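As written in TrEMBL, here are the features:
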- 66-119: coiled coil (COILED)
- 812-823: compositional bias 'Basic and acidic residues' (COMPBIAS)
- 343-410: domain 'Outer membrane lipoprotein BamD-like' (DOMAIN)
- 563-714: domain 'Outer membrane lipoprotein BamD-like' (DOMAIN)
- 800-823: region 'Disordered' (REGION)
- 53-86: repeat 'TPR' (REPEAT)
- 490-523: repeat 'TPR' (REPEAT)
- 602-635: repeat 'TPR' (REPEAT)
- 748-781: repeat 'TPR' (REPEAT)
Amino acid sequence: MLPLIIFLFGVDYNKLVTDYEIGHQLFLQENYTDAAKYFKSMVGKYGGSEFEDEIRFRLAECYFNLNDYRNAKKNFEKILKRKKSTYLEPECLYAIGLIDILQNNFREAEDVLQKLLKNPAYQQEERANFALGVLHYFRGSYEEAKEKLEDIGLLEAKFYYGKTLSRLGKPLLSIAVFKEILDTAPNTPIAVLAEFSRAEALFFNKDFEGAKITFYEFILNYPKSPLNDYAHFFLAAALIHAGDFAAASEHLLPLTRHSDNLLAAHSSYFLGICRMNLGDGLGSVSAFQRVRANYPNTQIASYANLQLTNALLAAGDTVQALVSASQLATMFTTGELSSVGEYLTGMIYFQKGDYFNAANNFELISQRYPNSPLREPAAAMLLYSLNNLKQYDHTVTFGSRYIKDFPDEKSPWRGRTLYFLGEAYYYKNNFADAEKYFLRVTKDFFGIEVTPYARVGLAYSIYNQARAREALDIFSTMTQTIFDDSSLVISAYLGVGYTQYNLGNYMGALDTFELLYNTYPKDERCAVPALFYAGMCYYNLEYYINAIESWEKLLGTFPLAEKSAEAGFRAGDTYFKAIEYEKARALFRWVVENHPLSEYARSSQLAIGQSYYNEQSFDDAIREFQKYLDLFPTSEEAASARKSMAMCYYQKGLESIDDMKIFVDKFPQDELAADGQYQIARSFFDDEKYIKAIDEFLKVVVNFPSSSYAPDALLLAAECAVNVKDWQKATDLYKRYLSYFPKAEQRDGVYFNLGTSYYNLKEYGEALTNFKVIVDSFPDSPHIESARHNVGICEKLLGEAGPGTSPGPVQEEMKADSLQGEK
């Protein structure tokens, strides 16, 4: 410090020197309290003299070192106000600037220091630049602080230079500066600060292992330092980062009753964190409640309120946790902690599996607190909840709008929001949009916990867009990475197997699926698809027995798995194709009984019926097809089952006219019903039961008028009438034929038979008319000569042939099954 210059004008010099020397020695001994008393007494005794400023300056220094900045600044300002000691003014300005810095009055500090630098003597003064460097440091302008401090030789400047380097993320350079201070001034107060700051630099740059070592050394080397308790706190924090919660608790517990309320509050808070992670729910509740009760005005108390809810959950008190969360919603309606209550309530419901109420609370945050720091976490958790509810449309609607409304979010929670949105698109089978969102997560949010899941989702989205080779590259890369979550390993290897299979590399896919099954034989997520697709690979490689064995192993190990239904059907179908119907039916029945709601149950039941049909066991087939219709009356395949059952009755009808009648009665709309009815009528015809045959043939015409059997059936009905000599019916039936089928190829024969029928009814005029139709209209008819002959006969009978002629017998010519008329 500046030497005390004394000009004695009527002052007791000896007394002044004695008093000053006593105070000075106390100052040098760092007994600032007693030194301040002496200098304060001297200010009173020598106030108004030319010695006042020098004595007051030393008094202000004592106050400064006692951290009594208010009295220190007041005395420095009094010296400046007197304006009698110009040589002290720069020192006072310097001291006031430091006090303003320490009191965070940065603007005032800068004004004072700039005023100081106007003094030419201080423009290159290290202390002035040191003060400016410290000012920049406390302002957070670390680059400017570095520029001011880096070339100053003062140890204090080096100390803040080291702290500045730490803040700039250069811990090794920072440590080197602190080491220089330790080497230059060992066993001094600044050395203690440097040792502490060395550990602090490692901690704030997230080298927690290094911080653990250095804080532990500080605790051992400086047991009486006032910073020792703070070193315990930072050591505990480093242990928490390492997951050693028990050791951290040992360091924190003594600090919870520290005289520094801020340290005690933070220690209690982190003690609660440790206890919660150690499973001591009640202990963590006690710690957080202590923070709330004893330190309500600290910022950490707000976070204790938040953690208290989680602690109550850990203690199993869900009801009280919900009450606590509700209280938070009431406590923090504005400010940075607004929305906390709603968020925690949502999280509690989410952990309980009540995704509906969880989603409602998360959605409230976006509606009520759009500026809340919890907005993005709430949005992500809302989408997560909706996906768990399978409300993918709601996820897409909210998520796409939210991303558009808040496009600039860069926090890791945005990555989670994008992931859950991509997941919703994926489950909606919109693989193109799913790919887009998964890709954004993998590119822009590398390192968050959902990134590997997004990469798997990306690969599957690409795979489902028929880009198997591109997907295979991603899946293969992921199989080279070690994941703690077995689901990621399984998904990646399954992806490799699926893509190999779809690329036709069945042998490679088989190796992948069998490796998966052998690795996770009890894990349904893996074993089920692995066994199923191993069977598919064997099938495509034409190793059918191996395929069946793989599928049957799946049925035996995981009978209720959804894929087991398809496996059972495919195994049965393989036996079916090998004409081993009994084995096939056993597997088909297993599917129907164990998976009655599966689509493969329907296919299996149909196949059972078909197997009996193929064996010509028509009654068994009918029973199984009827069972299908009973079980699945509204299915798309019901029509096929009815058709197959109709075929069974038809095939039986070919052997039994009674069964054919049943067929026609049950399936009158079947395309074979006309044939069946025709067969019934023909059987009566062949048995010469012509009256009955007429009725059955007419059923063909009436019920199946558009069938190919209708014309022949009507002709045969007429022939039956002829055979029983019912000429009137025969006439009616032939006329009906000509009316129904005016373009039929057999019309010439029908006209001839109609004429014959009229002849037998002795209606010669009608007979003549029909015979003439053949002569006039069908010159190429095989019946034309007979028709001409019959025309002559009819004319004679009608008296049109002239005298002296007598009628002869009429000629009757018919096609197969022709009529035989009377002569």
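These residue numbers are counts, starting from 1, taken along the chain as shown.
Cβ atoms here come from the backbone N, Cα and C positions, even for glycine.
Owing to the predicted nature of the structure, the values given are computational and were not obtained by experimental measurement.
With a threshold of 8 Å between CB atoms, the same-chain residues lying at least 6 positions outside the repeat 'TPR' (602-635) that come near it are 568-569, 572-573, 576, 579, 581, 584-585, 587-589, 591-592, 596, 641-642, 644-645, 647-649, 651-652. Mean model confidence for the repeat 'TPR' (53-86) is a pLDDT of 83. Residue counts for the repeat 'TPR' (53-86) under DSSP, split into helix (H, G, I), strand (E, B) and coil, are 28 helix, 0 strand, 6 coil. Within the domain 'Outer membrane lipoprotein BamD-like' (343-410), the DSSP-based counts of helix, strand and coil residues read 52 helix, 0 strand, 16 coil. For the repeat 'TPR' (490-523), DSSP puts the residue distribution at 27 helix, 0 strand, 7 coil. Using DSSP to sort the residues of the repeat 'TPR' (748-781) gives these counts of helix, strand and coil: 27 helix, 0 strand, 7 coil. Taking DSSP states H, G and I as helix and E and B as strand, the repeat 'TPR' (602-635) has 27 helix, 0 strand, 7 coil.
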